[in-house]
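Remarks on the structure that follows.
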């Protein structure tokens, strides 16, 4: 009789194990594979925790910024104070024609509206601050505090932008990139000492890049159009945006592609209409563009930005002096090349004169490899690298470039610095050179320890962060292969160490040796040495990035 027969005594029921479903594969976050190898486990994302973490990091940085409030500020402080007064005291139709101060409004309309918005609060803090006549060169303590705080508060746009770009990364990667960007010594020097709003504007750029990396092309293009209406100098990357969006967003056949082109074009036109429409209505559009593009300025700024034109200028001066010594009747070039105000020119004695159209053509030619890559294979994971390279080209070959423009590519390159050990080494050198090239902006003795400590702290954090990150990952990947392990470690080679020691030598000469040898004579020489020496580092960075653009697929 079978055990299951009804006549058999009932068996004690055993607890049944419920059927288990096959575990569902965890959904891979967007853009995950560009930052992680197949062997790395997918981190469990906790957005709320990530937001809390980045707020703590930004809070520490904010405390440092508060300590810098009483420090030196440049004429840019008066520039932006005057813009507050212009937008508060005058009707919109006169914003770009007022000449009460030499520091006339020359940013696009959205930034003018931003100043107009701030002016309402400024008038409550100190009414003289926004008075067009009585406020000239006004520097009361409430005025200084208010303007400093506006930069600090607006920096949270940068915090949001870097959060969007890194929220899908692992904890260590996120925090390291946050530190590189939020504690950037270049941003500290330019925005919170020298005084500008670069962090706020770079935050808008990072928001655009994060949207493109997530495949949200329409949002990315829209935000970039907004950025151009805040600061037109970001337009250097516009060709890359155009080609990438045309090939990546406007795809899917003729009808669908054309439809998407119309949608993207309508969004961009709407942004520019909102920015410039009122000025077009008042017949001021020509005056607006005249202020935004003052081509009467010289090829270089008063302090030469460390780009390719430094070598061109030096060659012209050397040739001129040499021919004079040989007995030729040639006008000897002066030490100061340009002054920087509208109306200055850039005379060359021997070499052909460089025009704005020449620089535009060279920049476009330099960006061409990037445009070809974006046309053939538009990949979201490459867009940040392409945009950074475009801004590097604009810095190296553009017209009247400010040294502060190096932030346009240094900050985006921080995002991709963890993609490989080579990217980390490149960023290590570049960020140090970029920061050191900004030292002449702070020329007072009381700020000297601040800028030196900011650079040393940044270099130390980079060294510790990169060494820790790549030592850990290379050990996991290399296992017992010592050769492969050595190649994936973060090691600064002898050539890099030699170049960085050269920066130290240039600084020692400018601060200690030059005053002893020449006293107050040849004051331009230390600045010229900084420009020339840093230009070699910037040229190396441009060549390295170009090789990466061509090599990577």
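Cβ from N, Cα, C; glycine included.
Residues annotated as region 'Disordered' in TrEMBL: 1-45.
TrEMBL lists 1-10 with the feature compositional bias 'Low complexity'.
The feature compositional bias 'Basic residues' is assigned by TrEMBL to 19-36.
As annotated by TrEMBL, transmembrane segment applies to 54-73 (among others).
What TrEMBL records for 144-163 (among others) is transmembrane segment. If one looks beyond the transmembrane segment (144-163) by at least 6 residues along the same chain, the residues whose Cβ comes under 8 Å of a Cβ in the stretch are 50-51, 54-55, 58, 62, 65-66, 68-70, 73, 77, 80-81, 118, 121-122, 125-126, 129, 177-178, 181-182, 187, 191-192, 195-197, 199-200, 202-207, 209-210, 415.
Look at TrEMBL and you will find 175-190 (among others) tagged as transmembrane segment. Outside the transmembrane segment (175-190) by six or more residues, the chain places 53-54, 57-58, 61, 64-65, 68, 158-159, 162, 165-166, 169, 196, 198-199, 202, 404, 406-407, 410-411, 414-415, 417-418, 427, 431, 434-435, 438-439, 441-442, 451, 454-455, 457-458, 461-462, 465-466, 469 with a CB less than 8 A from a CB of the stretch.
Taken from TrEMBL, the feature transmembrane segment covers 218-246 (among others). Listed as Cβ neighbours of the transmembrane segment (218-246) (distance under 8 Å, sequence separation of 6 or more from its ends, same chain) are residues 107-111, 114, 201, 204-205, 207-212, 261, 263-264, 267-268, 271-272, 274-276, 292-293, 363-364, 367, 370-371, 374-375, 378, 383, 386-387, 390-391, 393-394, 398, 405, 408.
For 258-281 (among others), the entry in TrEMBL reads transmembrane segment.
The transmembrane segment annotation in TrEMBL covers 354-375 (among others).
Annotation comment: TrEMBL describes 449-470 (among others) as transmembrane segment. Long-range Cβ contacts of the transmembrane segment (449-470) within its own chain (Cβ-Cβ under 8 Å, at least 6 residues beyond either end) map to 68, 71, 172-173, 176, 179-180, 183-185, 188-189, 193, 417-418, 421, 424-425, 427-428, 431-432, 435-436, 438-439, 442, 488-490.
Within its own chain, the transmembrane segment (491-512) is flanked in space by residues 425, 428-429, 432-433, 436, 439, 448, 526-527, 529-530, 533-534, 536-537, which lie at least six positions past its ends and keep a Cβ under 8 Å from the stretch. Taken from TrEMBL, the feature transmembrane segment covers 491-512 (among others).
Residues or ranges marked as transmembrane segment by TrEMBL: 524-543 (among others). Residues of the same chain lying 6 or more positions beyond the ends of the transmembrane segment (524-543) and with a Cβ under 8 Å from any Cβ of it are 303-308, 310-311, 314, 335-336, 366, 392-393, 395-396, 406, 426, 429-430, 433-434, 436-437, 439-440, 499, 502-503, 506, 509-510, 514, 518.
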